[in-house]
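**Q** A single structure is presented below for examination.
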Amino acid sequence: MTEKTTDTVVLGKNQYGKAENHVVRINRDTDRHEIRDLVVTSQLRGDLEEVHTLGDNAHCVPTDTQKQTVFAFAQQYGIESPEQFLLELADHFTGEFEWITGGRWAAQEYAWNRINDHDHCFVQHKDEVRTAVVVADGEERTVISGFKDLTVLKSTQSGFTGYPKDKYTVLPETEDRIMSTDVATRWRYNTTDVDYDAVYENVKKIILTKFTDHYSKALQETLYLMGKAVIEAHPEIDEIKFSCPNKHHFVYDLGFCGLENDKETHWAADRPYGLIEATIQRKGAAENESAWMGIAGFC
Ligand SMILES: O=c1[nH]c(=O)c2[nH]c(=O)[nH]c2[nH]1
């Protein structure tokens, strides 16, 4: 039999659940169907000490039950938004099992567009993948929304100059280069009273518009301007993070065959790439580091 306490170890942080439940919910209330396509991960936290230290599963809500609940909730309540769906799961598990005091629910959403405005035929929208995380701790709920893989490029109005040079520096300064990145971003709300779909669309619009509206001195500056614009436009958002590759495009030297190349033909080098990460916060707003735990790839 497993010993509960030992002289050598204690059980630290833990959570558990079912990862990546892929649920596609069709709303068939009218002939014009609606589709929501989510990959949902559910993880529970709470008094799980004896599950680990004694092998006593009395508190171990099976991961299979968590999966079943995800599908049952999709059917019973529909999916209004990823965030709303995750909040419902958080309330359910913390309400149903008194020793479950919190948890983490995460989703990726794959969007579908109508084909020629068709009522029930769709084509997958590949622009970006939407993300959502709900962290529950007692009564507290923290919602972090975002997206990844939104690839953008500007073919001019970007440069990189004024950087320090040492004996290893070979990069030439430029005031006219391609700038391209795959935007990955996550933003933290300071409330759950949010129209998540509407804010999502607006944040994406602000980020895309900011990408276009200035001469960029570095990807760092552009990310900062994007984040600042989002925080200024959305009082319900306290913090936004970016993790963005600088997808280098090098003007290809075609001198070998006597061709001029005035920044027309580029080598899109896929690696290595610059990796630029930044957090932009509302001045004076409370931090919430624990809500970000488990969100990989952001600083
Ligand atoms: O926008 C940029 N930021 C950098 O930090 C950097 N470093 C580099 O080599 N090129 C660039 N471009």
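Note that Cβ sites are derived from N, Cα and C of the backbone, with glycine treated the same way.
Any TrEMBL annotation is an automated prediction that lacks curation.
Remember, it's a predicted structure, so these values are computed and weren't measured experimentally.
So TrEMBL lists these for the protein:
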ACT_SITE  Lys18  active site, charge relay system
ACT_SITE  Thr63  active site, charge relay system
ACT_SITE  His248  active site, charge relay system
BINDING   Thr63, Asn246  O2 binding site
BINDING   Thr63, Asp64, Gln220, Asn246  5-hydroxyisourate binding site
BINDING   Thr63, Asp64, Phe160, Arg177, Gln220, Asn246  urate binding site
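In terms of burial and nearby residues, how do these features look in this structure?
**A** In the three-state DSSP scheme, Lys18 (active site, charge relay system) falls into the strand class.
For Thr63 (active site, charge relay system), applying a Cβ distance below 8 Å and a minimum sequence separation of six or more within one chain yields Tyr16, Gly17, Lys18.
DSSP assigns His248 (active site, charge relay system) to coil in the three-state reduction, outside any helix or strand. For His248 (active site, charge relay system), the same-chain residues that are 6 or more apart in sequence and have a Cβ closer than 8 Å to its Cβ are Ala268, Ala269, Tyr273, Gly274.
Asn246 (O2 binding site) counts 17 other C-beta atoms within 10 Å of its own C-beta, drawing on all protein chains shown.
Around Gln220 (5-hydroxyisourate binding site), taking its Cβ as the centre, 16 other Cβ atoms fall within 10 Å, counting all chains.
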**Q** Can you tell me how many other Cβ atoms are located within 10 Å of the Cβ belonging to Lys18 (active site, charge relay system)?
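**A** Here the count is 18.
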**Q** When the Cβ positions of the recorded positions Lys18, Thr63, Phe160, Arg177, Asn246, His248 are compared with the atoms of ligand 1, which fall under 6 Å?
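**A** Once distances to ligand 1 are taken from each Cβ, Phe160, Asn246 fall under 6 Å.
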**Q** Where Arg177 (urate binding site) and Asn246 (O2 binding site) are concerned, what is their Cα separation in Å, rounded?
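**A** So the alpha carbons of Arg177 (urate binding site) and Asn246 (O2 binding site) sit roughly 12 Å from each other.
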**Q** Are there any residues in the same chain, six or more apart in sequence, whose C-beta is under 8 angstroms from the C-beta of Asp64 (5-hydroxyisourate binding site), and if so which?
**A** Lys18
**Q** According to DSSP, which kind of secondary structure is Phe160 (urate binding site) found in, if we only use helix, strand and coil?
**A** strand
**Q** What whole-number Å value do you get for the CA-CA distance of Phe160 (urate binding site) and Asn246 (O2 binding site)?
**A** 12
